[in-house]
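The repeat 'Solcar' annotation in TrEMBL covers 87-171, 184-268, 285-363. For 287-308, 339-357, the entry in TrEMBL reads transmembrane segment.
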Amino acid sequence: MFSSVAHLARANPFNAPHLQLVQDGFAGSRSPGPDALPSQPRRSRTLAAAAVEEQYSCEYGSNRFFILCGIGGIISCEYSCEYGSMKFYALCGFGGVLSCGLTHTAVVPLDLVKCRMQVDPQKYKGIFNGFSVTLKEDGFRGLAKGWAPTFIGYSMQGLCKFGFYEVFKVLYSNLLGEENTYLWRTSLYLASSASAEFFADIALAPMEAAKVRIQTQPGYANTLRDAVPKMYREEGLNAFYKGVAPLWMRQIPYTMMKFACFERTVEALYKFVVPKPRSECSKGEQLVVTFVAGYIAGVFCAIVSHPADSVVSVLNKEKGSTASQVLQRLGFRGVWKGLFARIIMIGTLTALQWFIYDSVKVYFRLPRPPPPEMPESLKKKLGLI
């Protein structure tokens, strides 16, 4: 009756001589019957014997034991945090700081020439002419004007843009439910990115105003330390936030296109271009897809946001002007000045931003959900299964 139990008990490494099961019965206080055969000596295993027989690589509780247990924990745990947790949002915000702060600072020379073409097209007739004139007047150091407000401002913007995007995407997705999240995913991307950019531009506006003054008004100020006090003395806080409305006009459509176009392009690349599912791609292959999708999104971003960018550049240079006055004065052709330079800058910028942001997620082992798939419940409703 107890034969199977006895077999398992004998294989138990914690088996001890005084706790043994005998086949078809228990060995205890009962004395054997007169006809009972003499029992064979049984071999028992103790913890010490098991350790010797199985040849452990280290002693329990040793330093090596704890180190190897830690390594095992890292390997066994696929992600460092839960999707939608505070740690997840914080690290996404940090990824935004690196992706926006570093990339915008790297293209300061191109941004400087672009801004000067927008505010003084008679002097800076094209991108190459703009570089030539700037080098003659200011030398190589002149191409780096405005790097400090660029780095600070766009780092703050990146923190809010990418961090809040993840927050709003989870929030709105929970409100919609699983099925509607899939059906309305493009609208979800647009709404989440627009909400995030609203707050990101408030963080960016002061540094953007200082950057434009430094870059487009020769002799006004050469550094951020000179520009900020001077701007405050002349116009007060209005100097730093008068451009926030046109900044919203420029950045919110830009960011909506940046995120929605990127998300749908990644989905299309894995569906029609990449010859294997995302789960079978290496991390490097996934980052290549991220870069390509980012560049495609960047081109559309530049086109959508360029008219408002021209207005912001002129508005931050001039005192007492309004966005509508600047728009009327520039006209249709004027607002498209510098578009080619902006396409090159924003395309490269957006591709690098997504690449850095996704690399941060890979490095910190953050959850990276695959492209969305239709829920099983929706497939049943549509008769697809």
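Quick reminder: no glycine exception, Cβ is built from N, Cα and C everywhere.
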DSSP assigns the residues of the repeat 'Solcar' (184-268) as 73 helix, 0 strand, 12 coil
DSSP assigns the residues of the repeat 'Solcar' (87-171) as 73 helix, 0 strand, 12 coil
